[in-house]
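S.K.: I grabbed these lines from TrEMBL:
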BINDING   Gln170, Cys171, Gln172, Pro297, Tyr298, Gly299, Gly300, Met301, Glu302, Arg588, Met589, Lys590  peptide binding site
BINDING   His326, His330, Glu349  Zn(2+) binding site
ACT_SITE  Glu327  active site, proton acceptor
ACT_SITE  Tyr417  active site, proton donor
DOMAIN    501-633  domain 'Peptidase M1 leukotriene A4 hydrolase/aminopeptidase C-terminal'
Amino acid sequence: MTTNKTSNDQSINKNERTRLFYDPNSLSSFNGFRIVHTYFDLKVDFDSNILDGYVQLDVKPLDNQSCDCSSTITTENKEIPNNHGNKLVLDSRHLNIKKVVFISNTNEILLTFQVDTERESLIINMTDISKDSLISIRIYYSTSDTKCTALQWLTKEQTADKQHPYMFSQCQAIHARSLYPCQDTPGVKSTYSAKITCPKPLTVLMSGLQTNYDEQTNTFYFEQQQAVASYLIAIAVGHLVSYDLSSRIRVWTEPSMIKQCQYEFEESEKFLTEAEQLLGEYKWKRYDFLVLPPSFPYGGMENPCMNFLTPTLLAGDRSLTSTIVHEMTHSWTGNLVTNENWEHFWLNEGFTSFIEAKLVGNLDKTNGKEIRRFHAAQQWQDLKTTVATWGAEHPYTCLVYRLNNVDPDDAYSSVQYYKGAALLWHLEQNIIDSESKFDEFLRSYIIKFGETILNTDDFIKYFESYFPQAPSVDWQSWLYTPGMPPVTHNFSTKLEENCHQLANQQSPITKEQMNSLNAKQVAYLLNLLLSNDQSKITYDYIKQIDINCDMSKYSNCEIRFRWYQLCIRVKYEKVLDDIFKFLEIIGRMKFVKPLYVEFKSSWPEMLPRVKTFFEEHKKYMNPITVKQIEIRLNN
């Protein structure tokens, strides 16, 4: 496997954002036309579960003078121009396209178009349009009520307060095309603005700054002045309240959860200040976040100015706030510095996970180095579990892999997070051997590539130019070889050693031993039990741990889902009802996917009940989650 070759780093033009690139997951004509601004005028219809209105795209035609054409964009030795001649091709999935017009001054000129359902494309004929420096195309459309994978519509009964309906989006990786016709690739960034009307008394939030509000029509206005990729367009509508955690941080959620959120995330300003000290100025003005209903499929989503978070973080002891640190870090690595396509996803998530551990350590002024190492050890253990699940030879355990004819969601795992973090740890600790010098490199990297896109070759070239005297790196083994990394890191700390001792002892863990651990250690210990010698993980062993430690007392979902995996593995039926209740309430894929997989592999006699349960409850789940569980149950 080879990366796409690009020209040297001097070719990057932040103002034009018109570098040619390759993306196997988009058929849009991004190398012929480039969207530079997006405007939404939409109404939220809870009766029909659709968004209806129009999107206006300001499009810049590209030519040899306005873009970086010095590199060959190739895949499997075939040139991929993605310019489509005089046709503007947009990614479009299950959208009801009503009409397309060219905006000339104040006039609307109808354009002919074709919807290619099989290729998920909207093809607009641009033959008769003058290729000025900027072209405005307005598309009147509505989303699908049943096939829009970007939106989840909740009845009032599915919300925490059960008073009003709710809707939220999840566009990463390639679901924005079901929200609006777009160039659905991380390689295209545009500013955006929006006018969204919804029923009273609901509130609209978006991944931009609110600029105005019309109380009479309950219309909300937004603007995002930083250019963002389509996967970072986000919207949520619900009965929401907020609490200011600082002058630039506000938490939003349903009324019944606001006090929990206020307590759990009280230290968010301290996190953001620490991140700025390491990474430089925070460019997005506000860092607000929304704690969503439990069906949200991820731990968090780094939507600019309005991160989305899972309520599973509300552990009551602030033990899971590292997820906030992770999403916050994306404000630099991911949102400002963005992977060119999803084959290079590790540039978003590997950097963010590496910096997350660093920041978690920096926040502890007395024991920071040990905290950082233990956090990195947790990531390493999760990586081992994921590689074992895929299989050590599976191509998706490579850090960079091909996505031709593959939905990025199907390849998604913690590999790009934690194998990427392990590579950066290797560069810092073994190659450069200086944390302070590597911190300087991180800041330089963000300045260099901020507001642009890059691929793995760009990173390698910049690293090698920044550290010209550094020892050579085995990039082939790290990036393109499946399995665990070629270098095994030793993250040994007292926190980790205590967990290993308990995992390796032959007798079941006692109440006193379990109570001596903090919540992160308990989760790490259970992870060790899942991956260590399985001969001692018997029904009696798990039953005795439950008797000794009363595992039902833990509300922390990171602990519960690992404990439930162990119980399924040994067919410990006492907790079966608790497991199904957990699967009914929680929609986070990190937790539910492993449980369904564990049932299939370890408790096949229970599979008919599991499948029946899933069929009955999938209508309440996020469509992204449903697809991934169906793949695992049916293959």
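Using the three backbone atoms N, Cα and C, a Cβ is placed for every residue, glycine included.
It should be emphasised that the depicted structure is a prediction, and the values quoted were computed from it without experimental measurement.
Show me how these features fit into the shown structure, please.
M.R.: Long-range Cβ neighbours of Met589 (peptide binding site) (same chain, at least 6 residues apart, Cβ-Cβ under 8 Å): Pro297, Tyr298, Ile624, Thr625, Gln628.
Taking a C-beta cut-off of under 8 angstroms and a sequence separation of 6 or more, Glu349 (Zn(2+) binding site) has the following same-chain neighbours: Gly334, Gln416, Tyr417, Gly420.
Around the Cβ of Glu327 (active site, proton acceptor), a 10 Å sphere holds 24 further Cβ atoms from the protein chains shown.
Within the model, the domain 'Peptidase M1 leukotriene A4 hydrolase/aminopeptidase C-terminal' (501-633) shows a mean pLDDT value of 96, rounded to a whole number.
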S.K.: Could you state the CA-to-CA distance between Gln170 (peptide binding site) and His330 (Zn(2+) binding site) to the nearest Å?
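M.R.: Each residue's Cα considered, Gln170 (peptide binding site) and His330 (Zn(2+) binding site) end up 16 Å apart.
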S.K.: Going along the chain, which residues six or more apart from His326 (Zn(2+) binding site) have their CB under 8 A from its CB?
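M.R.: Spatial neighbours, sequence-distant, of His326 (Zn(2+) binding site): Gly299, Gly300, Thr352, Ser353, Glu356.
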S.K.: How many Å lie between the Cα of His330 (Zn(2+) binding site) and the Cα of Glu302 (peptide binding site)?
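M.R.: Rounded to a whole number, the Cα-Cα distance is 6 Å.
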S.K.: Take the domain 'Peptidase M1 leukotriene A4 hydrolase/aminopeptidase C-terminal' (501-633) and count its residues per DSSP category (helix H/G/I, strand E/B, coil), listing them in that order.
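M.R.: Tallied per class, the domain 'Peptidase M1 leukotriene A4 hydrolase/aminopeptidase C-terminal' (501-633) gives 108 helix, 0 strand, 25 coil.
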S.K.: Pop the Cα-Cα gap between Glu327 (active site, proton acceptor) and Glu302 (peptide binding site) into the table, whole Å please.
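M.R.: Their Cα atoms are separated by 5 Å.
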S.K.: Sorry to bug you, but what's the C-alpha spacing from Glu327 (active site, proton acceptor) to Gln172 (peptide binding site), rounded to the closest Å?
M.R.: 14
S.K.: Within 8 Å of the Cβ centre of His326, His330, Glu349, which other residues of the chain have their Cβ, at the recorded Zn(2+) site?
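M.R.: Filtered neighbour residues, in order: Gly300, Glu302, Glu327, Thr329, Thr333, Gly334, Asn348, Phe351, Thr352, Ser353, Glu356, Tyr417.
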